[in-house]
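Here is the structure we will look at.
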Amino acid sequence: MGLLSIIRKIKKKEKEMRILMVGLDNSGKTTIVLKMNGEDTSVISPTLGFNIKTIIYQKYTLNIWDVGGQKTIRSYWRNYFEQTDGLVWVVDSSDLRRLDDCKLELDNLLKEERLAGSSLLILANKQDIQGALTPEEIGKVLNLESMDKSRHWRIVGCSAYTGEGLLEGFDWLVQDIASRIYMLD
Amino acid sequence: MSSTHKLQHYHTKKNAVMEEDDDRSFATETLDEALKKKKHDDMLERFSARHTARKSDSPDSSSTFESTSSFLSRFADSKRSIESRIAELRLAADSSKIKSDLAEISSSINDLESLVAASSYFLPSYEVRSSLKSASDLKQSLESLSSELLPKKKFSFKTKSSPSTTAKIEKRDLVSPQNVTVFVRDSPGFRNKHEETLTKTFKSSSPSIGEFTLSDLDTCQVKLIGTVNALFINGLRNCKVYTGPVIGSILLDDVEDCVFVMASHQIRIHRAKKCDFYLRVRSRPIIEDSKGVRFGPFCLDYGGIEEDLKMAGLEEESESWADVDDFLWLRAVQSPNWSVLPEEERIASVSISSDGDS
């Protein structure tokens, strides 16, 4: 308990949150981060490796780790699990063919012990595309209701292209983490 | 040695006139030096002894190369014998001896590992790694064998968790029909066609721009005129695909012997074999698990393509089509999996029209 309270104190001082963004390739992780940060999103190459962005959000500093989702580099996700406060799982809502893959990878991720305490935000991205599944449908396909009861989670529809829904999602995530770690001051 | 003697002599001579303190310090100094030298010699001796011991340990001491090869043959021999014993045990299920046999094999795998460890100082690191890998593979197959042959142990270990897992599976099965109802709404696209020409025009004025899918096509020609948000392509054989600009991204999977002429912001190519891509793309194209793919510049024309390209933000040629990232080739040298199409092998500009819209 002693160590935990020390960690809490340090975190309180810095008001830092570590957020890990993962999801299949082509789901729009990098675009979401750049859009949040108000950067140009017109030229984004598929992520070979990872990007880190530090964003000041409300009174908190978010360290967002955006890790590439290509199949060959998914095995490296585990290297980023340590000390993650918030987990963002990004779904390409228009990619109907790979929803099974998406579910499988998410299930694997949630089995990870090191991520057990982190809040989970699921972003049903690409809602701007005609024919994309709604967040409710995505939630059904991913079978989110059957998730471990101790997990704090929420699914939010968004479009990294227009920016819609991003703030709503991150508002929830930051509040949820804050209420866990900082006990809301 | 003789110089030290001289020095000592000199000191003793000097001692007569020196004070006692000085005398003592000089004496210890010389003693120290002698001790140091002795220690150094000892050390050298020990090193050489160890070296010769090592050399005589290995069966072939003439050179490191030969000891490596002899190690490899020794390793391969015992690996083969372990493998055959595992196979034998699998066939002959003599239940009384299984436990002792398993233990025996396990100990010979351990011997194999310690052989690797003992030889690791002269082996190239690659050999060390690969032999440790095969040792752990052996261990794994032994484990799977023992779980096969001794199910009782495994069962007792898992009794608590097994009911819950079966319950989970049932639950999943119950959920899957629900999934199917979700899947009924398929995205628009061309699917399961053979030897056809498929044409589709997207009117940029209508708000119904969305995604489009090309799936399981064989020997087809596909023409997409106008812009879409996202394009998904999978399971194409021997096809020619010409598409107008894609505002978002293109995702390709499992294509062979195809020609693609496409424009997009992003493109990801998975499992492509012997395909030519003529691209205009704003970011770096990527390939994964692909072989024999070649890239050239976009060369498509149809009435109104200039406006469509402009609308999609793709009016400029950024030459990114040649900056391909191969996710399975993270080295500085050129990946063997892709190349730039030689100019004399490129197709001429393709002109398509919306005749015969399907």
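From the backbone N, Cα and C atoms, a Cβ is placed for every residue, glycine too.
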Same-site residue for GTP (record: TrEMBL; known: A:Gly23, A:Leu24, A:Asp25, A:Asn26, A:Ser27, A:Gly28, A:Lys29, A:Thr30, A:Asn125, A:Lys126, A:Gln127, A:Asp128; options: A:Gly69, A:Gly86):
A:Gly69
So if I measure Cβ to Cβ from A:Asp25 (GTP binding site) and keep only same-chain residues at least 6 apart in sequence, which ones fall under 8 Å?
A:Pro46, A:Gly68, A:Gly69, A:Gln70, A:Lys71
Counting across all protein chains shown, how many other Cβ atoms sit within 10 Å of the Cβ of A:Thr47 (Mg(2+) binding site)?
19
On the three-state reduction of DSSP, what should I expect for A:Lys126 (GTP binding site)?
coil
Using Cα positions only, nearest of the binding-site residues to A:Thr30 (Mg(2+) binding site) (A:Gly23, A:Lys126, A:Asp128):
A:Gly23
State the count of C-beta atoms found within 10 angstroms of the C-beta of A:Thr30 (Mg(2+) binding site), not counting that atom itself.
25
Only counting partners 6 or more residues apart, tell me which same-chain residues put their Cβ under 8 Å from the Cβ of A:Asp128 (GTP binding site).
A:Ser159, A:Tyr161, A:Thr162, A:Glu164
